[in-house]
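Residues or ranges marked as domain 'Pili assembly chaperone N-terminal' by TrEMBL: 32-151. Residues annotated as domain 'Pili assembly chaperone C-terminal' in TrEMBL: 173-231.
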């Protein structure tokens, strides 16, 4: 990732939004700040979950964390993080505790999705703050899945529960399960789909459509599991459906 430079008469903060969509890495690590995991599953029976923020840089960062409902909004979510704001000195780490605040109103028949935001801003010395400079800030966004108890199928079994059908618009993926299914790999016939440019996550009881340039008869896929790794490979014959107008 290239640094951003500017020559302006005031201090500038530049934030890099890092949505960890691939989620199959061991840790998120950018600019000396790293997180211990790339996704979080919060069970309804959990009293708390934890996330470690590590600073392997040679400078202090001011860390601010929160849970939000969407990527681009500031609406509060039914979770709190402690501590929400703290300085993280060089070569140190801090354990964050994520606590449920009011989850009674969330759906009980499917998962709910939230985003955990961690922002790191380099601390400034008096000399640097008085001079013209660019301050590079980092922002991590990881998915937080709230999972109610008593769901009809296990998360492992749900991976192969996706349904693929060919339509006039492309290949439609139906997710009849109560889980958010994030595709880590998708192969239609012998073509690997670029999941960076097409939707990789299908919400519970929802569909997503993938554009294709030729008829598709076979689908193979793997989803991201609770630990950020890939599930076992699933495959299915793709049947054509005729949509009524």
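Note that Cβ sites are derived from N, Cα and C of the backbone, with glycine treated the same way.
Here the domain 'Pili assembly chaperone C-terminal' (173-231) is broken down by DSSP into helix, strand and coil counts: 0 helix, 28 strand, 31 coil. Confidence across the domain 'Pili assembly chaperone C-terminal' (173-231), taken as the mean pLDDT and rounded to a whole number, stands at 95.
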